[in-house]
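Just below is one structure, and these are the notes that go with it.
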Amino acid sequence: MCSARPGDSNDDDANRMCGVGRFRPRALQVFARPQLFTLLYSAVGILQNAHFYYFFAIMSTLQRRYGLSSWSITVVLFADSASPFFVSFLVGHYSRCVSKPLLICVAILALVVSCGISALPFFLYGPGLALDDDDSAPAQDVLESCQANAGRLLPDPGCNGRGLPESVVVTAVLFAANCFYGSAYSVLFIAGSTYVDDSVKKKNSPLHFATFAILKLAGPTLGYALGSLCLRYYEDPRLNPVLERTDPRWVGAWWLGYVVLGACLAVTALPILLFPRYLSPPLPAQRSGTENATGVPAKKAGEAPAKSGFWRSVRSLFRNPAYVFRLVYWLLASNANLGHAMMSSKYVEVQFRTSASQASFLIGPVLMITNVLGLGMGGLALHSLRPRPRLVTLYTTLCDVLRLGCLVACAFIGCEAVRLAGAVTTVAGHGSSIQLPCSDSCNCTTRHFQPVCDPVNRTVFFSPCHAGCTKMFATDSGEVSFGECSCLPNPPFQLRQGQQQLVQAGEGAPYLGLCSGDTCSNVLTFIALSSLVGFIARTTTVGHTIVGLRCVSREEKAMALGVQEGLSSIFTYIPYPILYGAIFDSACLVWEDKCGRPGVCWLYDTDRLRYAYHGLSVAILVVAILFEVGLVYHSGRMADFYSDAAAATTPSQKDKLVATEAAVGDSEAVCLVDGSATKRPARCEETEEGGQEDDDLLNGEEHHTTCGCCVRDSKEETSVC
């Protein structure tokens, strides 16, 4: 329970001035504008979003480096849901009596702490050297042959039986980091959204939220682009490993992006803190201190809501059918959207056989253009055309139906599945083993994936050891020759490590790498269709946000967002990593054998993965659309969708207003409150409830009167609430 002294005029003025404490110089007051806050809040949103998607960009690298399974990733992402569950309800209820810029500043500092903790595993364990420190080692030494101890692989430090395995420690560290991130995200979403909406006129909210959404969209792009850039460098940039970037064992500098993001976030904390508690002008009730626009006694500034008001607000929200239908739709659609986004980079890497850096580049910057166009067009259309709420929700429903069709089409775009030689055996709780009669005596492991393609039979051997190769020879140019390969025809043959091409050999000579080559030509078709899906989805973002804010009363907005985030913690942020992680695990063909336990998945059944990955998203969206239809039905009851005061639309209201005007005369104005006439002084304040004029952003908006329901000399100027 928070409390505050009864507000006097000095306290009220201080709450509307930029600064901290007694430091509120006049020079800072020029920055107390909603437009500037929207831009700065958008910058924070960009970095926060980049933090979230950067984890997805480096996820496969973390799995290779520390042997994290999909279940470990699920545990890490669970922290995103556990922390908001305890924070969202409190922030939503008590944010009315706490400065929202202060809450946002605390959330930014929590994000900085999250970035620091996320990078901690690198400083605890250093670079993961799968090979000896001797970078001048011959190329054949890095390949696993059929001879015992022929490769110079170091023993796994997690297999020595002392201390906790790296995977357990890293999972715990990342879990703690995501706890800070999840709490910060909830505070930013609830406090920031309500602060912006309370600071501008309702008709201008779409433009502000469109601006925020468009700028924030740079977050995923920045996250994937930063991941692509950092993964180009080795985990320790000072080292020069013998591995190529396309080698499955390559580990990029995954930790470097967290350092960059943490530094950028720290810079934005102080400017946010300097914003005033209230950006909008005081309401008439706040000037008098006794009653609000409807004649109900107003609460003093800073007065905390009663304890019983919490449950009363919750009951009121769940008795609102429009809010309930939108909430259920949001929970379901967020599962599909977040799950699809979480695995999109890894899906491109696995399905189209690209490197982690290439996959991050394709998913991030390439998709940004269509997403920005979708957001911009949707926001401008909502601001200029001002369609009715039912048309907004109906358009969102039709767009979701189109998205379903695009996702179904994506399920049929892929590459030829890999034909792995040998029988794969996987025991629950252990890694995989591959049995080949021609290499049974080689004692091969699945610790490292070093594929060898037999182009004659179009099959892939997991490693030279599984191909039965007992001899390797290298030249100064990097060419490697294998000899005495019991599973391959016509030995000896010549290979060039890391290259998918024939070297001084016949057309049917085997070579290192997958038979399909590094990439698949269908990747561009998939990206183009994914861009269309993103464009369609983004055109509905602003409209759906406004619907969520307008389907509840002004006093319930913060609580509505708090309930939404709290329930999302349980029904969205927990299920989606479990569901989509299980999809990828179920499609795994070969698991790494890491100390007798399953580690990273080296090879997937791409056909099964393609159908399951898109099929799950389609199934969730189908159920979500059913609830969206209910929202369309109830959205016709929403009022004041674009204005702060409802106009007189019924004949009875207009007739009553005209009759009362004639009785009262020119010296007084008449207000209709709940259908009754009330005499008030004939003076109208040049302010608007909950908003400032947005002159810079909107090139000069006209003033509107909101002193209750004001009547002037001319009937054409009559405004009725």
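Backbone N, Cα and C atoms are what each Cβ position is placed from, and that goes for glycine too.
Per TrEMBL, the feature domain 'Kazal-like' maps to 432-486. Marked as transmembrane segment by TrEMBL: 36-56, 68-90, 102-125, 168-191, 212-234, 254-275, 323-342, 362-382, 394-414, 611-633.
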Using a cut-off of under 8 Å between C-beta atoms, tell me which stretch among 68-90, 254-275, 323-342, 362-382, 394-414 contacts the transmembrane segment (212-234) the most. 362-382
Listed stretches 168-191, 323-342, 362-382, 394-414, 611-633 vs the transmembrane segment (68-90), most Cβ pairs under 8 Å: range 168-191
Compare 102-125, 168-191, 394-414, 611-633 by their Cβ pairs under 8 Å to the transmembrane segment (254-275) and return the stretch that comes out on top. 102-125
Listed stretches 36-56, 168-191, 323-342, 362-382, 394-414 vs the transmembrane segment (611-633), most Cβ pairs under 8 Å: range 323-342
Under 8 Å between C-beta atoms and at least six residues away from its ends: which parts of the chain pack against the transmembrane segment (394-414)? 333, 351-352, 387, 520, 522, 525-526, 529-530, 532-533, 536-537, 539-540, 543-544, 606-607, 610-611, 613-615, 617-618, 621-622, 624-625, 628-629, 632
